[in-house]
Amino acid sequence: MTITSNAIWQFSLHWVQALVWVAVLAVVFWMGLKMRWSKLTAVLVFLTLDLVMFGSYVRLSDSGLGCPDWPGCYAKFTPLQAHEQIAQAVQEQGGTQGYVSPFKAWIEMIHRYAGSIIGTLIMVLLARAIWARRHGEDIKLGLPIVLFFWVVLQGLFGKWTVTMRLFPLIVTLHLMGGIILLVLLAWFWMRNRADLVSVNAGTLTRVLLWTALITTGLQIFLGGWTSTNYAALACSGFPTCNGSFDPTANWAQGFTFWRHLGETGDGQPITEAALVAIQWGHRLFAIVTTLAVFAAVAALWRHPALRRLAGWIALAVVLQVIFGITLVTEGHPLVVAVAHNGGSAILMLLLATGIYRVSATVRSTAPSESLGSAFVKVTPAQPLPKH
């Protein structure tokens, strides 16, 4: 059942199968209510990091249109139920090398299932935070509310990635949204950990860390733009691009953001020079990002309590450089590309941890575990607070 074929509002799933999906998520919601608060937040960080990496695999394996409608797969809950439609699509495209195949359909739907589970658990997090606040707990609701609306927006970008047929800007923003969601969840998790002690590192260290975080975020955007435009192999050789440090590049065309995949802003086929600009821009800004991150590492190293973190950040950025070079010199192997995407997410987590450790932000306490599970069960060992 397709309510509308409009790319923005499309909903293609029979109401019975939609109810099945809701029932599954209701079980997930119930399980989230039973988790300890600390476990819930840790599970959310872990699942989101996994989903960011899996999302990169979806993109890099060309599985994003394995099910070309949303939220179902040919209006079905699973690709198994849509096997006839998938087989017909494979026949029409002349084999499984195109966008649709049984394997790609499962990859895409697993990505959607996992995203809906994370969204449901964030709803649990918000519900428990509100419940705790109403029962006298001193917990700030700002971040849980932001997380809820952010994951809704992220789900919409995931939908538009499919319904707008891999529109490069939408796909790139979907990638960035996942990274930002991961950082926000990690910040929330850290804010409720008593063992993470603040370090009075001074203004310069905070400025350098924020600079490193922002430049890394911009570099991830450029990497996503490179990937979504299939420009990863536009430059051959390293450190040069096609044998030159000043390759022929069409910067205006390459960085026209509102356009369809493989096209220029006016609908013409995109040129090789535009793809070179995208790839070369990603490489050049990698130099800026590396310098910014190592400046932050040097600032962290001055404080003994932060040296281990500084070491992990340095290792992460070195590995990112190695992964990036390997992608160019070895023909863009899929496993390295996924590791490169995952490494960027981990680097952002480490930088966010550094910012958290040196910030003077007042830490809000987590709601008591009894309030967190009060929806499920209240025992004498877990009393509700008296008013």
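Cβ coordinates are placed from backbone N, Cα and C, and glycine is handled just like the others.
TrEMBL annotations: computationally assigned, not manually curated.
Among the features that TrEMBL reports, transmembrane segment is placed at 12-33 (among others).
Panel annotation: around the transmembrane segment (40-60), residues 32, 107-108, 110-111, 114-115, 117-118, 121-122, 124-125, 128, 171, 174-175, 178-179, 181-182, 185-186, 188-189, 192, 227-228, 334, 337-338, 341-342, 345-346, 349, 366, 372 of the same chain, lying at least six beyond its termini, place a Cβ under 8 Å from a Cβ of the stretch. Per TrEMBL, the feature transmembrane segment maps to 40-60 (among others).
For 110-129 (among others), the entry in TrEMBL reads transmembrane segment. Through the fold, the transmembrane segment (110-129) approaches residues 21, 25, 28-29, 32-33, 35, 37, 40-41, 43-44, 47-48, 50-51, 54-55, 58, 63, 71, 139, 141, 144-145, 147-148, 151-152, 154-155, 158, 188, 367, 371-372, 375 of its own chain, all at least 6 residues removed from its boundaries and within a Cβ separation under 8 Å.
TrEMBL lists 141-160 (among others) with the feature transmembrane segment.
Per TrEMBL, the feature transmembrane segment maps to 166-189 (among others).
Taken from TrEMBL, the feature transmembrane segment applies to 201-222 (among others). Long-range neighbours of the transmembrane segment (201-222) within the same chain, counting only residues 6 or more positions beyond its ends whose Cβ lies under 8 Å from a Cβ of the stretch, are 172, 175-176, 179, 278, 281-282, 285-286, 288-289, 292-293, 295-296, 299-300, 302-303, 306, 344, 347-348, 351-352, 354-355, 357-359.
Residues annotated as transmembrane segment in TrEMBL: 284-302 (among others).
Sequence annotations record features per position, and here TrEMBL assigns transmembrane segment to 309-328 (among others).
According to TrEMBL, the transmembrane segment annotation covers 334-356 (among others).
Through the fold, the transmembrane segment (334-356) approaches residues 49, 52-53, 56-57, 60-61, 178-179, 182-183, 186-187, 190-191, 196, 206, 209-210, 212-213, 216-217, 219-220, 223, 227, 232, 293, 296, 300, 306, 309-310, 312-313, 316-317, 319-320, 323-324, 326-327 of its own chain, all at least 6 residues removed from its boundaries and within a Cβ separation under 8 Å. Sequence-distant neighbours of the transmembrane segment (309-328) (same chain, 6+ residues past either end, Cβ-Cβ under 8 Å): 232-233, 235-238, 283, 286, 289-290, 293-294, 296-298, 300-301, 336-337, 339-340, 343-344, 346-347, 350-351, 353-354, 357.
Beyond the ends of the transmembrane segment (166-189), by six or more residues, the same chain brings 41-42, 44-45, 48-49, 51-52, 55-56, 59, 64-65, 125, 143-144, 146-147, 150-151, 153-154, 157-158, 160, 217, 220-221, 224-225, 227-229, 257-261, 344-345, 348-349, 352-353, 356 to within a C-beta distance below 8 angstroms of the stretch.
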